[in-house]
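Colleague: Dropping a structure here in structure tokens format, bear with me for questions.
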């Protein structure tokens, strides 16, 4: 899960042409996964608008990068929560659902005549829908910023302490300067804060351009190193855990957090040179298939090697003095430092949009305004204090992924897209034809309620407390 903020326009997008009803024929969950010639004649733009500058390959990499984000290091924990067999089945099912709802979003924008995820929800459910999707995007970004800060604390300090291990033993001051909490505070205040003050998101996006490469490095290193760690780091797996585990909904929410990238969908669609549904569907199919495979591979490998000792961040299962794992930690930590400002940008823009909505209730003619320099700096400071405070208090990345994936992840991926599509098309459908959309939304609500309850109750139960920090 990595992302760029969706522009959050008003329903003025409705001036665009409305897409015809034949679009419903293009949303089958069983679309073929073959990429044919890019120049095929039937690939005509869906509506007469100019496309972007990306070819299919660039759009594919952008989409895959959006899916394969920080949440992937929590996938082994999801397999622990679900059981090996059930975790694999869930990964397949959720990958298919992710594929389907991603394509639904573009269809929804065509049916509503809007250009963004927020715009089509606003068109369908009015201001209430817009507020819901804004809160969902904002909370997802808050959770992401907390998760990224925890990862910074799990990676950078341990690398530095490994490099200066002898000096740390001899100097109490150096030990303090290289402690987890000090490094987190330093990175947030002196690196992330200046980057977060940048108003142009394109500059931030360039800073995290190596994200996908670092993710592939992390996956490869973990897969090849995990079987060779010392036995003291490995746990056991009971017979039942090979098949099923009781915390299945927590597993679903972690997988959901890792796969959700629905907020990026319209950006990537509009970036294609000739934006057509056929082309975009092929990109979605391949991106979801590869991302699902990589997540499953890491999940199976991590869980099989570490068993019941599997942590919320799989990198924390390895010893601090493993130089190859420290390379993975460094790549991951650096990626999080450059990606965290993107999350702050998202939350800041959501706050501005919500403020505009509430002001317009009292003053309908109120015009959206940018923050002043002082407001910009003040809001950014407050938003960075939230992940800083939480990450200092805990290193349980798994709980963060579970709660965020269960709430805003479920809303963005499983609830809003099918409900929005069904509301715009139900006049032409029987109750039986509407059933899949209601079933998907019901599934999302179940994950939201049950997973959140399981996570909170487990966190409050001191007997189940596991040390999730790096050893």
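Just so it is clear, glycine is given a Cβ too, placed from its N, Cα and C backbone atoms.
Given the structure is predicted, the values throughout are model-derived calculations rather than measurements.
Dumping what TrEMBL says about this protein:
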- 53-456: domain 'Amino acid transporter transmembrane' (DOMAIN)
- 67-94: transmembrane segment (TRANSMEM)
- 131-152: transmembrane segment (TRANSMEM)
- 172-198: transmembrane segment (TRANSMEM)
- 210-228: transmembrane segment (TRANSMEM)
- 248-272: transmembrane segment (TRANSMEM)
- 284-307: transmembrane segment (TRANSMEM)
- 327-347: transmembrane segment (TRANSMEM)
- 368-390: transmembrane segment (TRANSMEM)
- 396-416: transmembrane segment (TRANSMEM)
- 437-456: transmembrane segment (TRANSMEM)
Colleague: Mind pulling out the one from 248-272, 327-347, 437-456 with the most Cβ pairs under 8 angstroms to the transmembrane segment (210-228)?
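Modeller: Per the Cβ count, the answer is 327-347.
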Colleague: What residues elsewhere in the chain lie close to the transmembrane segment (248-272), defined as a C-beta under 8 angstroms and at least 6 residues from its ends?
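Modeller: Sequence-distant neighbours of the transmembrane segment (248-272): 1-6, 51-56, 58-59, 62-63, 66-69, 71-72, 74-75, 77-83, 86-87, 90-91, 94-95, 98, 101-102, 105-106, 109, 115-117, 137, 140, 143, 279-280, 283, 288, 291-292, 295, 398, 401-406, 409-410, 412-414, 417, 446-447, 450-452, 454-455, 458.
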Colleague: Would you kindly check 67-94, 131-152, 396-416, 437-456 and say which stretch has the most C-beta pairs under 8 angstroms to the transmembrane segment (284-307)?
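Modeller: That would be 67-94.
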Colleague: Are the transmembrane segment (437-456) and the transmembrane segment (327-347) close enough that 3 or more Cβ pairs fall under 8 Å, when only pairs 6 or more apart in sequence count?
Modeller: no
Colleague: For the transmembrane segment (368-390), name the stretch out of 67-94, 131-152, 437-456 with the most CB-CB pairs under 8 Å.
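Modeller: Counting Cβ pairs under 8 Å, the winner is 131-152.
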